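Here TrEMBL flags 152-270 as domain 'Palmitoyltransferase DHHC'. The annotation transmembrane segment is assigned in TrEMBL to 25-43, 55-74, 197-217, 229-254.
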Amino acid sequence: MVAFCGALSFFPCLSNPDRRSSFCLKLVLVMLHLTYVGILYGFDKELIQKTKQCPWYTAVYLLLLVATLAKYFVVCSSSPGYVLDAMRAMNETDASRNRETITSTQPASSKNGSVVITINRNQLEKNLLGSGTTSWEKLVMDMYPPGTSVRSVTCTYCNIVQPPRAKHCHDCDKCILQFDHHCVWLGSCVGQGNHCWFWWYLCSETAFSLWTGTLYIQYLISHVSKQWWSYAIVFLLLAVLSICLFFLILLFIFHSYLILTNQITYEVLRKRRIPYMRNIPEGVFPFSKGACRNSYEFCCARSSMYRMEPLPTALELEEKLRPYTYSDVLSCRCC
């Protein structure tokens, strides 16, 4: 116990129970990856022989492992996009603009050719804060249909006006822009700010797991003995391994589908409980701009972390309901 307390004194970040739990999860995930690789190279003599004959094979495999772990830590350290940070960023932008346009109402005095301007800084900051808050509310309310009350879109926990697709995470105790889900293994949310990195991590993790799973399957099949219990153990291990790989591939395909249609997991699973999604017809993706444009904006066109999307109008929904024709396909309407 004394040693544990001493370790916490050297690492103050671990004194928080939530951070300590997140740190332990990250450590477990890293150790799992290293254990899988260590068992293969420790017992599979055929793999060791193949490594000696083809060094590039092991080099590519280990490079994929490093890339997977690196992307994992990038996702963990990336901000998911907090609504409060977006509001503060807008307030600072408005404040800087107002500072440039504000002129002193007091007469300027000249001394040695220089102009001295006196401004009440406390009053200035008060005015800037008030105007910034009003601007944020106006910006957010313009994204909702006319007649929407501010109270209905204000978070009861953070007391912040939420833009469309934002949600309060009870684990992080913050409102997240384009909240997808809270990932236990990451120790944080997946939102607008880190969803792209999360998808790239899924790509690397899926490729690494498939490669590793294939090596394990080859090793188990080649070392099975003639006893019935050996067949049973190998069959059980292969079943567990196949289920894990299938789940991971399914997760990768699901998030790829979300990207192509510009959806988030929260909207798909809780559609009938989200007020702005209740009136959306089935089979209509309200925020989709076409598969190609959705993919481009998701991966390449992220000029700002705090990019908010307004709710579609009735005319836009009617256009999305219109079935595709041959001319639409030729004109790439679906893209």
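Sequential numbering from 1, following the chain as shown.
Glycine is treated like the rest: Cβ placed from N, Cα and C.
Note that the structure is predicted; figures quoted are calculated from it, not measured.
Remote same-chain partners of the transmembrane segment (197-217), defined as residues 6 or more beyond its termini with a Cβ less than 8 Å from a stretch Cβ, comprise 33, 36-37, 40, 44, 47, 61, 64-65, 67-68, 71-72, 74-75, 78, 180, 183, 186, 190, 237-238, 241-242, 244-245, 248-249, 251-252, 255-256, 259, 298. Here the domain 'Palmitoyltransferase DHHC' (152-270) is broken down by DSSP into helix, strand and coil counts: 69 helix, 14 strand, 36 coil.
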